[in-house]
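**Student:** Checked TrEMBL, it gives:
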{"type": "REGION", "residues": "10-40", "note": "region 'Disordered'"}
{"type": "COMPBIAS", "residues": "26-40", "note": "compositional bias 'Polar residues'"}
{"type": "REGION", "residues": "74-97", "note": "region 'Disordered'"}
{"type": "COMPBIAS", "residues": "77-91", "note": "compositional bias 'Basic and acidic residues'"}
{"type": "TRANSMEM", "residues": "102-123", "note": "transmembrane segment"}
{"type": "DOMAIN", "residues": "108-281", "note": "domain 'Amino acid permease/ SLC12A'"}
{"type": "TRANSMEM", "residues": "135-158", "note": "transmembrane segment"}
{"type": "TRANSMEM", "residues": "170-192", "note": "transmembrane segment"}
{"type": "TRANSMEM", "residues": "198-219", "note": "transmembrane segment"}
{"type": "TRANSMEM", "residues": "239-256", "note": "transmembrane segment"}
{"type": "TRANSMEM", "residues": "262-281", "note": "transmembrane segment"}
{"type": "DOMAIN", "residues": "398-464", "note": "domain 'Amino acid permease/ SLC12A'"}
{"type": "TRANSMEM", "residues": "398-422", "note": "transmembrane segment"}
{"type": "TRANSMEM", "residues": "442-468", "note": "transmembrane segment"}
Amino acid sequence: MNIFLAVLASQKEQNRGDGLPKESSPFINSSAADSVDKSQQYDGKTMALFEEEMDTSPMVSSLLSSLANYSNLPTGSKEHEEAENNEEGARPSKKPVKAPQLGTLIGVYLPCIQNIFGVILFLRMTWMVGVGGVFGSFIIVFMCCSTTMLTAISMSAIATNGVVPAGGSYYMISRSLGPEFGGAVGICFYLGTTFAGAMYILGCIEILLIYILPQAAIFKIEGLEGPEAEEALLNNMRVYGTIVLSLMSLLVFVGVKYVNKLALVFLACVILSIMAVYAGVIKTAIDPPVFPVCLLGNRTLMSKGYDICAKVMDIDNETVTTKLWRTFCDSDSLNATCDEYFNNNNVTEIQGIPGVTSGILAENLFGNYLEKGMFLEKRGIASKADPDSPPPGSNRYVLADITSFFTLLVGIYFPSVTGIMAGSNRSGDLRDAQKSIPIGTIAAITTTSIVYMSTVILFGACIEGVVLRDK
């Protein structure tokens with residue numbers, strides 16, 4: 001009995017340790033000495049399974065923690081800002097930062113208005129109404145304006161979700177979706193702005209050389225037809241486009257301060273031009289302008305091919321032929337050999353701008369898509385055409401210069417509704433960006449959408465279809 005108690009006491013003395021219930025050896029088949037060394041080495045450590053996997057694959061909590069502490073600032077910039085904030089007092093060379101002062105009207109609404117209204121409204125809107133019809137053009141405008149409105153609502157949701165410092169749309173996108181998406185959107189915006197600038201330059205030159213000052217053309221367009229006229233206009237655009245782009249680059253290098261000052265002048269010109277459109281519509285209701293269009297059968301004739309819209313005229317009780325007669329006939333005499341279509345159809349003169357009260361809207365309600373080279377024909381007038389007759393000369397009639405279809409009109413018009421980020425990009429200059437960006441952007445889109453939709457209806461209600469379809 002005494003021997004048994006002595007053995008138990010000896011075993012208890014060996015297993016006493018530090019009083020914690022642990023095994024004497026964490027390894028199988030280890031000696032007592034190794035057991036003591038290993039116990040000291042792993043004392044206080046957790047013996048977890050799959051320790052190597054946990055080192056290479058972070059846990060969910062560590063992943064969420066890294067996402068919560070995410071910053072879009074580049075490496076080192078955050079520490080630099082914290083070091084500057086922790087410095088006592090301001091540096092003597094550091095200038096005080098001026099608080100932003102721009103409100104919703106000047107900072108967001110007007111810049112968006114200026115960037116949304118573009119050359120498409122003045123150059124291609126009437127043509128789009130004539131080709132696509134009032135109904136089809138209204139669908140195109142509504143679809144494009146709805147797209148930008150949904151985009152502005154999404155941008156407003158991000159802007160009101162937190163503080164919006166300098167950086168504008170790029171900062172908001174980077175904060176919400178990450179810097180990769182922000183950079184991708186930035187590249188797309190840069191490319192879109194570049195092509196839009198080229199489009200505006202070409203529109204400016206087209207208005208200058210065709211409508212305002214045709215004599216300024218370096219490569220003469222007068223008297224040319226078809227591909228020759230297109231090539232001459234393209235060469236003029238290359239020369240004048242380079243000059244205009246150089247002047248714009250020089251203005252940008254001078255400073256953005258002068259760009260902002262001139263922007264107000266340009267915006268005033270755009271607003272006055274749009275007001276002139278509505279004033280002209282009111283004028284057509286009171287006193288329609290005299291804008292004659294000459295038709296042979298139902299085909300539109302080129303105005304420079306004749307002086308009087310008639311085949312013959314009476315002078316001193318004598319019937320004489322006109323310039324239009326000489327265009328289609330081989331001599332001035334009344335018994336000359338003339339074009340078959342010219343002999344079988346009458347010459348009529350219509351008013352190109354009959355006015356908003358004329359009821360022309362019903363005729364322009366639906367589209368009239370044309371293939372390239374087709375005649376611009378007036379609806380509702382019968383004509384006699386011989387299919388076996390040789391094709392007429394292109395210098396007599398007004399022809400379609402491009403094949404048109406619905407998706408083409410969408411692509412041509414959509415640049416007119418871009419530019420909605422002009423206000424959000426000035427977030428660093430806004431007094432209250434969270435309030436100004438949503439209100440100003442949505443108000444600008446609403447205003448421009450109303451103008452676009454109303455002009456579609458007014459153009460179709462005032463102008464003859466053959467005039468609308470002639471660019």
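Cβ coordinates are placed from backbone N, Cα and C, and glycine is handled just like the others.
Remember, TrEMBL labels are computer predictions, not curated facts.
Because the structure is a prediction, the values reported are computed rather than measured.
For the listed features, I'd like the structural context: burial, neighbours, distances.
**Tutor:** Beyond the transmembrane segment (102-123), the same-chain residues lying 6 or more positions past its ends with a Cβ under 8 Å from any Cβ of the stretch are 196, 199-200, 203-204, 206-207, 263, 266-267, 270-271, 273-274, 412-413, 415-420, 422-424, 426, 429-432, 435-437, 439-441, 443-445, 447-448, 451-452, 455.
With helix defined as DSSP H, G or I and strand as E or B, the domain 'Amino acid permease/ SLC12A' (398-464) counts 48 helix, 2 strand, 17 coil.
Long-range contacts of the transmembrane segment (398-422) within the same chain: residues 111-112, 114-118, 120-121, 124-125, 128, 131-132, 136-137, 140-141, 143-145, 147-148, 151-152, 155, 168-169, 189, 192, 196, 199, 230, 299-302, 367, 369-376, 441, 444-445, 448-449, 452, 466, 469-471, each at least 6 residues beyond the stretch ends and with a Cβ under 8 Å from a Cβ of the stretch.
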**Student:** For the transmembrane segment (239-256), find every same-chain residue at least 6 residues outside the stretch whose CB is under 8 Å from a CB in it, and list them.
**Tutor:** 197-198, 201-202, 204-205, 208-209, 218, 262
**Student:** Within the same chain, where does the transmembrane segment (262-281) have neighbours whose Cβ lies under 8 angstroms from its own Cβ atoms, ignoring anything closer than 6 residues to its ends? I mean 6 or more beyond.
**Tutor:** 110-111, 113-114, 117, 121-122, 251, 356, 451, 455, 458, 462
**Student:** What residues in the same chain, six or more past the boundaries of the transmembrane segment (442-468), come closer than 8 Å to it by Cβ-Cβ distance?
**Tutor:** 104, 108-109, 112-113, 116-117, 121, 125-127, 129-131, 133-134, 137-138, 141-142, 145, 148-149, 152-153, 156, 274, 277-278, 280-281, 284, 291, 293, 295, 300, 350-356, 358, 360-361, 363-365, 368, 376-379, 398, 416-417, 420, 423
